[in-house]
Structure formats: structure tokens, C-alpha cells
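Enquirer: Just dropping this structure here.
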Amino acid sequence: MLRKGDVNRVANAYWCVVAGSEIWLVDGAVPFGSAEQFSLPEENARQIGDYLGSPVMWINFADLEQDLPLVSLRDCLHFPEPLFMLLSKAIQYGHMTQSLRFCPQCGGRNFLNNNQFAMQCGECRTLHYPRIFPCIIVAVRKENQILLAQHPRHRNGMYTVIAGFLEAGETLEDCVAREVHEETGIHVKNIRYFGSQPWAFPSSMMMAFLADYDSGELNPDYTELSDAQWFGVKEMPPVAPTGTIARALIEQTISDILSD
């Protein structure tokens with residue numbers, strides 16, 4: 001962990017300047033060099049990891065005196081996974097500083113703790129860590145078809161797999177079954193874990209599953225979805241982009257179908 005006073009010893013680093021779910025890039029890449037080179041306030045920087053042997057530093061855009069062009073984190077999905085994960089971490093820490101400005105315990109003003117990535121109340125000294133929202137995401141297979149859905153926010157016609165937030169007192173497997181049934185009307189079986197991905201929009205943790213169709217007729221909930229259909233591997237619509245765990249689930253399901 002890099003403390004505030006240690007930052008001056010960083011010669012060259014990757015600099016993650018973040019605001020909301022946006023990040024600063026230079027010529028399409030995370031800027032690499034010294035803080036002085038980019039006129040960045042290194043006293044406000046924190047190290048969040050290392051990439052290719054160099055430190056990765058996080059700074060909030062609000063701490064800058066200069067205006068910088070920002071792009072969505074989604075535009076970085078093609079970056080190498082270790083780097084994208086660090087950018088996601090920077091986004092989530094930035095969101096922490098904005099969403100936890102005041103202490104939920106006593107209402108006092110929170111400040112960034114110098115020894116760990118948490119906000120700390122200046123009055124009661126309570127530590128508040130980044131809020132992470134657990135979500136499931138699942139690819140459902142029915143014989144040689146995969147279930148894909150379209151959401152109203154997908155303006156480009158993109159289809160993806162079913163996802164939703166975990167409820168209190170619910171297992172991940174129960175959440176998978178509930179979300180699929182609520183959004184599409186079908187029941188699933190053979191629910192099995194696939195992997196996970198931090199999803200900093202703004203602070204979700206996507207826990208991915210594969211499942212098989214069990215019973216029921218497809219009946220989309222049009223308050224949640226624009227469409228839901230079974231697709232064969234040769235009739236796939238535009239799907240979630242490479243770099244997302246949704247795309248990984250789709251590719252795994254297609255691979256499983258083709259290998260049977």
C-alpha cells in the first residue's frame with residue numbers, strides 16, 4: 001500500500017484519472033510517465049497496483065485543476081485483462097470517495113484513509129469500505145440453443161444473457177433461478193459456477209453461471225426486457241462485446257453446443 005507521503009518516490013507510473021465511470025486516456029492508452037510530465041498533483045495519488053513492473057496510480061478528476069478529456073470505461077474493454085481490472089478498481093475507489101462523503105453512523109464528514117482504501121469519519125473514526133453490489137449473470141442452454149435477451153438500454157440491437165442483483169438471504173444459485181424465471185418465465189436446472197468479473201458501473205461484482213433449461217414457456221417480462229429468444233449458433237444476433245463476462249458465457253455455451 002502506497003501512503004500519501006511515499007508518492008514523490010514514483011518516477012514513472014500508469015496514471016488512472018477517473019470521474020464517475022469515465023477515465024482519462026492519452027492517444028487511446030493509459031498515460032505512462034511522471035506526474036510532472038502530465039502536470040498531475042502527485043500528493044493526491046494512491047497506488048492501486050502494478051502493471052508490467054510499474055506502479056498504477058489513481059487520482060480523482062475532481063482533484064485536478066486542469067480539464068482533461070474522459071472516455072467511458074467501456075471503451076477500455078479491449079485492454080489486457082490485468083490492466084482493465086486495475087482501471088475498474090480506480091473507478092470503484094473514485095465512486096467510493098463520492099458516495100461515502102458523509103458517515104452513515106453519525107453524519108460526520110468522511111476522509112480518505114491514508115493507510116488503506118477506505119473512507120474514515122473525522123468524528124467517530126468509523127471506517128467505510130467501497131460498497132460492492134453482488135450480481136449474477138447466467139447463460140441458459142436448451143439443447144442446441146442459447147437464451148439471449150435484449151434490454152431497452154441496448155440501442156444498437158445487442159443481445160446478452162440474463163443478469164440481476166442478489167437479494168438479502170438468497171444464495172447465488174437461488175438468485176440465478178429467480179432472475180431467469182422472473183425475466184423470462186422459464187425454470188432452469190444444473191446451475192454451475194463459471195467465473196466472475198468486477199463491473200465498475202458503478203460498483204458491481206458479476207458472478208457468472210451456466211445453466212440448462214428445465215421447463216416452462218418463454219414469456220419475457222417486458223418491463224425489464226425488450227425481447228428474449230432462443231438462438232441457434234448459426235443465427236446469433238449482435239452480442240455483448242469481447243472483454244465482458246457476458247461474452248465469455250456466450251462463447252462457452254456455443255463451444256459446448258458445438259462439441260456435443
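Yeah, the Cβs are placed from backbone N, Cα and C, and that goes for glycine too.
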Enquirer: Given 32-53, 164-185, which one carries Swiss-Prot's motif 'Nudix box' label?
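Expert: Going through 32-53, 164-185 one by one, Swiss-Prot gives motif 'Nudix box' for 164-185.
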Enquirer: Of the candidates E143, E217, E224, which one does Swiss-Prot list alongside E179, E183 as binding divalent metal cation 3?
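Expert: Matched candidate out of E143, E217, E224, per Swiss-Prot for divalent metal cation 3 with E179, E183: E224.
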Enquirer: Record says E183, E224 bind divalent metal cation 1. Source is Swiss-Prot. Which of A139, A163, A246, A248 does it list for that same site?
Expert: A163
Enquirer: Give me the Cα-Cα distance between C124 (Zn(2+) binding site) and A163 (divalent metal cation 1 binding site), rounded to a whole Å.
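Expert: Roughly 38 Å, rounded to the nearest whole number.
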Enquirer: Taking C106, A163 as the binding-site residues to compare, which has the smallest set of other Cβ atoms within 10 Å?
Expert: C106
Enquirer: Inside 8 A of the center formed by the CB atoms of E179, E183, E224, which other residues of the chain have their CB, for the recorded divalent metal cation 3 site?
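Expert: For the divalent metal cation 3 site the neighbour list reads A149, I162, A163, G164, V180, E182, T184, D221, L225.
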Enquirer: Just give the helix, strand and coil counts over the motif 'Nudix box' (164-185), going by DSSP.
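Expert: Summed by class, the stretch gives 13 helix, 2 strand, 7 coil.
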